[in-house]
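S.K.: This is the structure I have questions about; it appears just below.
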Amino acid sequence: MRDQLSGHLATLDLTPDLGCDIGSKRWLRGFGTFLGLGAVALAFWPNFAPLEAAPAAHLDDAVRDEYRAQMIMPLALGADSGRRMGATALVAPLAAAPERPTLEMVVTLAKGDSLERMLRRAGVGRDDSQRVIDMVGAAIPLDQLEPGTTFDITLGRRTAAGAPRPLQSLDFRARFDLELGIGRFDDGGDLALTKKVIRVDETPLRIRGTVGSSLYRSARAAGAPASAVQSYLKTLGQYVNLDRDVRSGDTFDFIVAHRRAATGERQAGQLLYAGLERDSAPRVQLMRWGEEGEFYEASGVGEQRGGLMAPVPGRISSRFGMRRHPILGYRRMHAGLDFKARHGTPIVAVTDGRVTGAGRMGGCGNAVRLRHDGGIDTRYCHMSRIAVNRGQSVRRGQVIGYVGSTGLSTGPHLHYEMYRGGRAIDPASVQYVTRAQLSGAELKRFKDALARIKTVVPGAALAELEQTATEVAAEEPEREIDKLAAPRKG
């Protein structure tokens, strides 16, 4: 019986294709199954009905005004948040809204702005603005006010409708070591200037530490400002290869100009000394010296080294060597480097030199040729405009022309050539060395200054500046409870 049932079920087809054998017994059985399943589905169909809700209450105009301030759209447009009372019959309009007795604001001097324009925008009257300018100008030159200086301004009550508010007080940090305050000590009185000289310590900041896995990270972890570390690495990189010549056990040592005020502010200046030690012996000692601020070694020799200083800020599109010329169509020597750059990009001298040629030079188009120490010549081709003249001396980094596409050129770029003894060489293979030698009395002054700067204690400039008794009294006024307790202590 079980076997018969299994055989019957195996031959039973409950899902026949109703598109085939229409009218046959197999088709009728499938159609009946379809109708049966449809009837079962309809029998269990859910009873959907709308949810009943209470009708919305009617809102009058006053209530609508109260809720309007909390809607999304007014908030998105910058409206005040919070519930507001709508206008009703109990609300009476005022003939004139009372003004605030004083207005306090903080105003920042923008780049390219003037003190007068800033004061006028803040609402200070013309007469008060001119008086402030006269007093500030008598204290410090107005051009010494740096962009970003903040002014705390307080304006008083108007003397008449439509009149500008009188200036009550103005306080700002005029310099790192000076605060200025302008105010009226009596109602209706004239403006008066007060100066507060801030004590400033200018002990240089000296940072020493072990190089470890990263010279930059180790110096930053030792407390050095990021700008100081970058200057140190740039200066040191002119004398040693930072990737190959610096070891993890070496000691970095550098000193930067540093100022700290009694009020807590600090300023880090330019790099003054850069040193590197190995096994407690100095390997590199460099100190800034002279009007031009060049670095000199401990022996008094000033030297700047470096590989190719890119004459333009662009990538090299074609290197020195044989290549197929893009215009002439045959292979020939490419005696230089091509830098891809935009039309009009400034071109700079790669090192100090003298202009031996400036003008049209055949396939080079508008070009400049420079003569450098050591029998080196450089040429800069395809310029759109030349910025130097023949016989002129130029310094490293000075603009000598602008990128163009004159001469035999397919587009804006710089073709840069270098010659030694009249023979073309690969510019990327040359290192430049610019030397200067101190001697006599200047060398002695230099060595004395080097000895003094190396006596700076590492980290001394990072300590808190001790306050004088006057500064403590000014910042921590005596409390009333202390006054009451004083007689008991006596």
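From the backbone N, Cα and C atoms, a Cβ is placed for every residue, glycine too.
Remember, TrEMBL labels are computer predictions, not curated facts.
According to TrEMBL, the protein carries these features:
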type     : residues : note
TRANSMEM : 27-45    : transmembrane segment
DOMAIN   : 206-320  : domain 'Csd3-like second N-terminal'
DOMAIN   : 332-427  : domain 'M23ase beta-sheet core'
REGION   : 470-490  : region 'Disordered'
COMPBIAS : 480-490  : compositional bias 'Basic and acidic residues'
S.K.: Using DSSP, what is the helix/strand/coil residue split across the domain 'Csd3-like second N-terminal' (206-320)?
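M.R.: Helix (H, G, I), strand (E, B), coil: 18 helix, 51 strand, 46 coil.
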S.K.: Averaged across the domain 'Csd3-like second N-terminal' (206-320), what pLDDT does the model get? Just tell me the whole number, please.
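M.R.: Reported value for the domain 'Csd3-like second N-terminal' (206-320) is a mean pLDDT of 85.
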S.K.: For the domain 'M23ase beta-sheet core' (332-427), jot down how many residues DSSP puts in helix, in strand and in coil.
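M.R.: Residue counts in helix, strand and coil order: 4 helix, 55 strand, 37 coil.
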